[in-house]
Amino acid sequence: MGGVADGPVLPRYVRVNTLKTSVNEVTSYFKRQGYTYLGKARSIEEIVEFAQRPGKRFLQDLHIPDLLVFPPDTDFHKDSLYTAGHLILQDKASCLPALLLSPPIGAHVIDACAAPGNKTSHLAARLQNKGKVFAFDLDTKRLATMSTLLLRAGVICQELANQDFLSVNPDDPKYQKVSHILVDPSCSGSGMPDRMRMLSEEAGSETSERLQALSAFQGRALSHALSFSSVQTVVYSTCSVHQQENEDVVKNILEQHTDFRLVKALPSWPIRGMNTFPGSESCLRASLTETLTNGFFVALFERKDKGSRSSVACEEQRNVNRADTAAERPEQRDFNTADTAAAGTQSSKPGDKSNMMQVTLKRKASMTNVRSTTKKSRKKKHKIKDS
Ligand SMILES: C[S@@+](CC[C@H](N)C(=O)[O-])C[C@H]1O[C@@H](n2cnc3c(N)ncnc32)[C@H](O)[C@@H]1O
């Protein structure tokens, strides 16, 4: 393990799945396992210090109440609380989007690019399984993984669809009550430590083209989310460190969607968006060196007029989105590498036409495919319960 001289090391963050247990119960459990509970962290510096030393100790995080912090390399994969879905191994930064979206219990929520589903399960926990999470993803395999993870986490308010979010009709009566949307689209993954290394090995021009295409897709996904007529709050997040995928996307969207404004995301968070446009400090950034997390970016949008948006404005924006989408959709499927690796499943290489074809074919199976996976998973749930 690295010492202070090697720079900060990422602790093991553990999110308590409040659908199945509580922070108090988990704290008592670990105390019985011989761990010492050091209370709630008071500063990031305290966590930095804490993470330098091994040992059976843990803290409660200072920003995210249902997050516990253990020394790096603490392995919970065989722990019975983990296997029973009471604990979710999730980086602190990746807990920010659901925390910030903060849908009220019973709300209808869309998770636009959802698999493998850690944020979906966090959203369901915040909803206390009441209301609805419509979760979309293009990748069949990742959705199957997600279905298993959600089952283990006790999530029952989800509706999964193997569908391009950009093709979801905001006028569909099914989504008329959607008030909160999370957009966590495919990105370069440059905030993930190993991804950063991989990216630096890529040729400059290739990287810049890829970033450009990613950024265009991210903008369209975010714009599409803002076109749902009842949506009030939207969170946009990436695990990228690039301005092009973060502040630039947000700036363009604010210019297009003047009926939305940025809200200061978690004011107590120390690192803000890069100063590239007025108000960019409302966004937040995360990094290993500054916040002891993976590299991450979050922007929180809120509708200015809390009443419903004019249907003409919605329709105009959707026409723009549809035209852009039709032009760009085929390439966009290449950008799943970082996310797929994070999910522990096989990824398609950028430009690998055979894999692209597979994805296209799989997508034709669409909703039925996922619904049948979900049914199978439900059967499995009973088996797990019985055994
Ligand atoms: C960053 S990952 C999402 C991680 C997920 N939110 C979580 O916390 O587990 C991005 C996901 O977007 C999916 N995706 C890419 N393009 C999409 C599209 N047009 N519609 C829906 N999902 C898409 C990818 O397959 C990938 O699973």
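Here the Cβ of each residue, glycine as well, is placed from N, Cα and C on the backbone.
For reference, TrEMBL has these:
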DOMAIN    2-304  domain 'SAM-dependent MTase RsmB/NOP-type'
BINDING   Cys113, Ala114, Ala115, Pro116, Gly117, Asn118, Lys119, Asp137, Asp164, Asp184  S-adenosyl-L-methionine binding site
ACT_SITE  Cys239  active site, nucleophile
REGION    310-387  region 'Disordered'
COMPBIAS  315-336  compositional bias 'Basic and acidic residues'
COMPBIAS  337-349  compositional bias 'Polar residues'
COMPBIAS  373-387  compositional bias 'Basic residues'
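What TrEMBL annotates, mapped onto the structure for a quick look.
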residue	record	Cβ neighbours (10 Å)
Cys113	S-adenosyl-L-methionine binding site	25
Ala115	S-adenosyl-L-methionine binding site	28
Gly117	S-adenosyl-L-methionine binding site	28
Lys119	S-adenosyl-L-methionine binding site	25
Asp164	S-adenosyl-L-methionine binding site	19
Cys239	active site, nucleophile	25
Name the secondary structure element type, per DSSP in three states, that contains Ala115 (S-adenosyl-L-methionine binding site). coil
The rounded CA-CA distance in Å from Cys239 (active site, nucleophile) to Gly117 (S-adenosyl-L-methionine binding site) is 15
Where does Asp164 (S-adenosyl-L-methionine binding site) sit by DSSP, helix, strand or coil? coil
Largest inter-residue Cα distance among Cys113, Ala114, Ala115, Pro116, Gly117, Asn118, Lys119, Asp137, Asp164, Asp184 [record-listed S-adenosyl-L-methionine binders, Å]: 19
